[in-house]
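As annotated by TrEMBL, active site, proton acceptor applies to 529. Annotation source TrEMBL lists FAD binding site at 136, 200, 394. The annotation NAD(+) binding site is assigned in TrEMBL to 259, 260, 261, 262, 263, 264, 265, 266, 352. What TrEMBL lists as compositional bias 'Low complexity' is 63-73. Annotated disulfide bond per TrEMBL: 127-132, in sequence order. For 81-409, the entry in TrEMBL reads domain 'FAD/NAD(P)-binding'. The feature domain 'Pyridine nucleotide-disulphide oxidoreductase dimerisation' is assigned by TrEMBL to 431-539. Positions annotated as region 'Disordered' by TrEMBL: 54-73.
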């Protein structure tokens, strides 16, 4: 005999509102089990952990208010087994994973708005409302400019140059974001999670307050994400942040981007493709400094070919508003040379992000923060200083990616309410990442530099080519594929690509790297022709060999 779950209406002792809990009941072998009923885009958020805690489910069903209580009555009843502060990707995932395992869950989030502030947020968080999704929608829009330009060589005639309706683009983008916000809200309702709109405040180790209402909670999950950093330079108040660049009232004729990370490069190339004149100012010698150096050098050349102006080792020192409202940037190179560039419609500060840990009461209960303001956690996402407080996502300064926050949230639910809590720890090996610029850059595993440092003996395979579509379109942009291999074991350590559809190609390769694929196995894989992806299974000779961290001559 096994167990099935029955959804039961329940009245929350904390709110008086009806919600849903699960009751564990016996099920005969061969009868259907339950399903989570996932929703479209957000399907990944509702993934059920492999082990359902029957004891936890039974305890929830037996409790008079759906939350944990002491058998002897010596401890106070809790309104919620878990209360999550922050309803972004990680917070929603943690809450739903916990509710699916029978926990009584509450969650709070600030009211919806386009630009995040201390009082504005929205269900869906940064990714859905002012990050991944709107960025990707604008990226899709910018790609049409290239398609129109390339169409002539593929036989398409245009009676007039295409015109961009910026207002329509922004309106449709916002309509899609509102739809996804609704999807997330519905997901919370369907899971029986109590949602509260307002700022969550930790009063003590087991009390959370929202809009003046206090709740007794067994566990607290901090999922408040991060926010942009604005450097302390003169005139910084004239600049905009990454939230605002996604919701501009008009297309800028001339745009400055300060910073050289992935947000900077994505927005620079998106607006460049739309037709803006784009200038990037980066204080270090190269952009995208945390990625493989060969790839970042290559992609910088592609950006320049596309028309983006890049100033490296060059730091803006002052922003000055001109009489006509446009902005002048005064900057200085590392060697002391100073420049002044005028007439920017907007200046985007894309100089990094920091954890959102202020103003939620962490200091009241002694939650320890790291030197960058992130919550310090152990391998189970538990605060190192307060045992019933957990934190996931960007607020912890681990890997600031949406899929990572979702993984952490899912495993937090399994750790707190699953049958195998000790097994529910995040695995950060082989996490893929992408820069959604034009062209894209995707990577998984180790860079060449990190692989050499760690393994000493490494073989590097590369291929540089002009994709077939670009060739016929007379487009100069090229692509790069790269493999980094452990020379002793033949195991693939890193996979990198710069070029069209790099993100889609890398997802499958990330799975291969995760299970330990070797170069020999890649060589034995039949390619799909004609594609850019087939380069990964046709690179036979190493571009260079490194032995004991020193480059040696590659075999002829």
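The backbone N, Cα and C atoms fix where each Cβ goes, glycine too.
Feature annotations (TrEMBL) mapped to structure.
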| residue | record | Cβ neighbours (10 Å) |
| --- | --- | --- |
| 127 | disulfide bond | 23 |
| 132 | disulfide bond | 18 |
| 136 | FAD binding site | 14 |
| 200 | FAD binding site | 25 |
| 259 | NAD(+) binding site | 26 |
| 261 | NAD(+) binding site | 18 |
| 263 | NAD(+) binding site | 23 |
| 265 | NAD(+) binding site | 28 |
| 394 | FAD binding site | 31 |
| 529 | active site, proton acceptor | 8 |
May I ask for the distance between residue 263 (NAD(+) binding site) and residue 136 (FAD binding site), taken between their Cα atoms and rounded to an integer number of Å?
12
Looking only at the domain 'Pyridine nucleotide-disulphide oxidoreductase dimerisation' (431-539), what are its DSSP counts of helix, strand and coil residues?
36 helix, 35 strand, 38 coil
Just how spread out is the FAD site if you go by the largest Cα to Cα distance in Å among 136, 200, 394?
30
Nearest-integer angstrom distance between the alpha carbons (Cα) of residue 136 (FAD binding site) and residue 529 (active site, proton acceptor):
27
Measure between the Cα atoms of every pair in 259, 260, 261, 262, 263, 264, 265, 266, 352, the residues the record assigns to NAD(+), and report the largest value in Å, rounded to a whole number.
14
What is the interatomic distance between the Cα atoms of residue 259 (NAD(+) binding site) and residue 529 (active site, proton acceptor), given in whole Å?
38
Give me the long-range Cβ neighbours of residue 352 (NAD(+) binding site): same chain, 6+ apart, Cβ under 8 Å, in sequence order.
228, 229, 259, 261
List only the single closest residue to residue 127 (disulfide bond), chosen from the recorded positions 200, 265, 394, 529 by CA-CA distance.
394
Between residue 394 (FAD binding site) and residue 132 (disulfide bond), what is the CA-CA distance rounded to a whole number of Å?
14
For residue 265 (NAD(+) binding site), which of the recorded positions 132, 200, 529 has the nearest Cα in space?
132
Please average pLDDT over the domain 'FAD/NAD(P)-binding' (81-409) for the predicted structure.
97
Which of the three DSSP-derived classes (helix, strand, coil) applies to residue 200 (FAD binding site)?
strand
Separation of alpha carbons, residue 200 (FAD binding site) and residue 132 (disulfide bond) (Å):
25
Show, in sequence order, which residues other than 259, 260, 261, 262, 263, 264, 265, 266, 352 on the same chain lie with their Cβ within 8 Å of the centre of the Cβ atoms of the NAD(+) site.
257, 267, 287, 288, 350
